[in-house]
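Reviewing the structure listed below.
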Amino acid sequence: TWKSAKGEVGAAVDYALDAGYLHVDCAMVYGNEKEIGEIFKKKIGTTIKRSDLFVTSKLWNTYHHPDDVAKALKKTLADLHLDYLLTFFLFFFDLYLIHWPLTFERGDNFFPLNQDGSMRYGEAYPLESTWKAMEQCVETGLTRHIGLSNFNSKQVFFFHLSIQILCCCKLKIAHILKTAKIRPAVLQCESHPYFTQEKLVHFCKDNGIVFTAYSPLGSRDRPWAKPTDPSLFDDPLLKDIAKSKSTGVANVRFFFVLIRFQIQRGHIVLPKSTQKTRLKSNLEVWHFELSDEEMRAIGSLNRNWRACLPVIQLPDGTTTSRDAKHPFWPFAEEF
């Protein structure tokens, strides 16, 4: 539901649930959870069971203080109209992620800015304190699973290592980390043929973490896109593979290939659309497979090109990275 405008996202979710979609990926910062919630309120218990629906949302950067985590989650639950189901389900929520490791100034202004237009960061609360508050959300039944988004392997390992050492050698737990009890269930990051994330994917597999690929089409409508940026839709190899698939028109075939590529890698994949025809046709990815040769060919296109690097515009009209100066900036590491 990222980049899904108000007035469109509700109709898209409504149609998607009727078409057979069962996973809805949300976030407070997308600004559209109330509209999605109206659809949930209408659908759940009538045309769809809550137990058949998997809902994900995310903790935004201004709510990393331990005292704010549960409050933010409860606000999301209320907006999505999932809070009224307490009498029927032990858990309100299926999956709640820390959206970014970055901390912005605490408060309800999602994008606090300094006078020069740069981002105003708050106190960099230790990640383990935020994670402990996330664990408490599991313990109190607010969410079934917790995980991470846009974290690098070292930041994820921070949580995983504490659990491994707890199991293997309790004497070392205090030396490595103090608090983590629940391992991240999911890591959600950008992935597409120009950014396959092989090392990060292998890291997740080795550590029992499910990888979710967002922007599998290269996020052509990202707000900061430049005409000179690489485009998956202009890649001749991908075009040729798409042409060889008989289903649908050219663009639809192209979407199929990019989505199917992630599915056959064993990933959860999040293609975004508000168009009814696209939503329906995307489900046809289950009706064909890419050959091993095609999978290898698509994987060979990797150029470590990241589409989703948020930027901000300064008063003088220039643009700069929104968060690269933050001490928890995740993308300075190789993976």
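In case you wondered, yes, glycine gets a Cβ from its N, Cα and C as well.
Counting every protein chain shown, 20 other Cβ atoms lie within 10 Å of the Cβ of TYR30 (active site, proton donor). Taken from TrEMBL, the feature active site, proton donor covers TYR30.
Annotated substrate binding site per TrEMBL: HIS99, in sequence order. Sequence-distant contacts of HIS99 (substrate binding site), defined as residues of its own chain at least six apart whose C-beta falls under 8 angstroms from its C-beta, comprise ALA27, VAL29, LYS58, LEU59, TRP60, ASN61, SER149, ASN150.
Here TrEMBL flags 5-302 as domain 'NADP-dependent oxidoreductase'.
Annotation source TrEMBL lists site 'Lowers pKa of active site Tyr' at LYS58.
The feature transmembrane segment is assigned by TrEMBL to 84-102.
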> LYS58 (site 'Lowers pKa of active site Tyr') has how many other Cβ neighbours within 10 Å of its own Cβ?
Replying inline: 26
